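Below is one structure, written out as structure tokens; the observations come after it.
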Amino acid sequence: MQLNKLMLGFMLCASALADDGQQAAEPHTSANFCKIDKDQQVGSTCDITFHELNEINEQIRPQLARLVKTDFFRYFKLDLYKECPFWSDNNGYCVNRACAVDVVDDWESVPDIWQPEVLGGLDEDSVKSEGGESDECSFLNELCGRRREFARPEPLSIDYCDVTDFTNKDSVLVDLVANPERFTGYGGEQSAQIWSAIYKENCFTLGEQGFCLAKDVFYRLISGLHASIATHLSNDYLDTKTGKWGPNLELFMARVGNHPDRVANIYFNFAVVAKALWKIQPYLERVEFCNVYDTNVKDMISNVVSRLDSRVFNEDLLFQDDISMRMKDDFRRRFKNVTKIMDCVHCDRCRMWGKVQTTGYATSLKILFEMDAGDEKARQRVVDKLTKYELIGLFNTFDRISKSVNAINNFERMYHSQMETNTSSIAAFFQNNFFRLGFTETEDQETSNATADMPLPEDSASDNEPYFADLKIPARRSKKQTKEESTSALQQELQGVYHALQFIWNSYVNLPRNLLILVLDVANTWFNNFIGVPTQINILGDDASD
């Protein structure tokens, strides 16, 4: 029963967020963009409305955007060339320049806290005798590589991502601000394989009823991540005609906006990450952020986290003490696999941001699932196991999901503006969603692109609905032709064949004459050079004689 209560809480919130109905032909109002009523309460476990979440995001957005650009939060470490652990496809790469990542090479431009001697330095005080843990995996009170002697807890298997990636000898330091997440053109069969593998991780082995609920929760987290990435790339899209980056409303509506459940899952993920940050707020106040950056960074973190509302999630209903350990272990293992699947992405920039965001969601799940509300020592133990890269990933992921929510509201304004200026054509476009016309369900799944380019899978609740139920396919022109039209078309084709054969025949007939002219011209040039007559003078003489 407790297991059911755990995941039922998630489902109540997620179900209230999602609207699985078909795309209606009725005009959208300002309170019903993408068929979501913003004044609707999210649910019994999420005592907050969409409108209130938008207000929270408006309050924290400017400060959060500045926070992730500070010296501490703008750098991340990962292995861009780690082999894919799931299939043997490690030689592929994206040839587009937009896929590349500019790694940190000029160390003089990097703050002291990110210098190699701080990142990779080891000494007796900074190495744990049992595990040999370096400063890069030090705890929150050692974020700047400071050496302190204190009793560390025994290692716990509570990680939802592979933290060893941060200490890999082949890992490189990247500046997230210098490598923004935007449309790269990466897609096709390989990217579809990536997302297919990610969604297939949502296959829990145990047959308990609670795992059906866990499957839905897992799906909404991944769907929210996928929809958020699609929103980012739609919001920062390269217009090949103007050469400028900007929002692409049509792409957003095709990938996200015409699917209310995807929009809802973005808000769902916003709530998950926001609650995780709110939950560790008391511990963040005791974190030291490196000398001159300490006060400024702490103030910005406080300004962001203090505005979060505890009503966004009621974890007392979601995370009980007697959660089935088998379910939680399976959930943890599968989400860790999701972070590892990112090593299979051929686009370096897509891989980088995929790693950052899956690390952020993994950190959120660790905080929400593993921090026991009734045990202060257990909570402190979980916080002590957080690495600085998990904290960096957590805040950058919150910035990404916050930017998605902000972009959704911006796309809403663009949507209504176009509806007012050209109601008939724009309305028909958004209702019909012609990007998917002419595709069968199988073709759509096989040829869809990843990140922004691959349409997200529909919610399982709508599997039994007609796939094109929301489309109004225009009547096709009859393919029957009259006898006169057929005769005319045949004559045109025969005439084209005749001219082609005539051209080939004339080429062969004129070949000897053309070869003779070529030989004489070369011989004339050679002879003039032999007798000492410059070619240039000879040409001038010919011109003069004319």
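Cβ atoms here come from the backbone N, Cα and C positions, even for glycine.
Taken verbatim from Swiss-Prot:
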type     : residues                                       : note
SIGNAL   : 1-18                                           : signal peptide
DISULFID : Cys84-Cys344                                   : disulfide bond
DISULFID : Cys94-Cys99                                    : disulfide bond
DISULFID : Cys137-Cys161                                  : disulfide bond
DISULFID : Cys144-Cys290                                  : disulfide bond
BINDING  : Arg182, Thr184, Trp195, Ser223, His226, Arg255 : FAD binding site
CARBOHYD : Asn337                                         : N-linked glycosylation site
DISULFID : Cys347-Cys350                                  : disulfide bond
ACT_SITE : Cys347                                         : active site, nucleophile
ACT_SITE : Cys350                                         : active site
CARBOHYD : Asn422                                         : N-linked glycosylation site
CARBOHYD : Asn449                                         : N-linked glycosylation site
Task: Where Cys347 (disulfide bond) falls in three-state DSSP terms - done: coil
TODO: Could you tell me which of these disulfide-bonded residues, Cys84, Cys161, Cys344, Cys347, has the fewest other Cβ atoms within 10 Å of its Cβ?
DONE: Cys84
Task: Residue among disulfide-bonded residues Cys94, Cys99, Cys350 with least C-beta crowding, 10 angstrom cut-off - done: Cys99
- [ ] Compute the C-alpha separation of Thr184 (FAD binding site) from Cys350 (disulfide bond), stating it in Å without decimals.
- [x] 8
TODO: By Cβ count within 10 Å, point out the most packed of the recorded positions listed: Thr184, Ser223, Asn337.
DONE: Ser223
Open item on the list: Rounded to a whole angstrom, what is the C-alpha distance between Arg182 (FAD binding site) and Cys344 (disulfide bond)?
Closed with: 19
Task: Pairwise CA distance, Cys344 (disulfide bond) versus His226 (FAD binding site), rounded so that it is a whole Å - done: 16
Task: Of the binding-site residues listed as Trp195, Ser223, His226, Arg255, the one whose CA lies nearest the CA of Cys84 (disulfide bond) - done: Trp195
Task: Longest CA-CA distance among Arg182, Thr184, Trp195, Ser223, His226, Arg255, per record bound to FAD, angstrom - done: 20
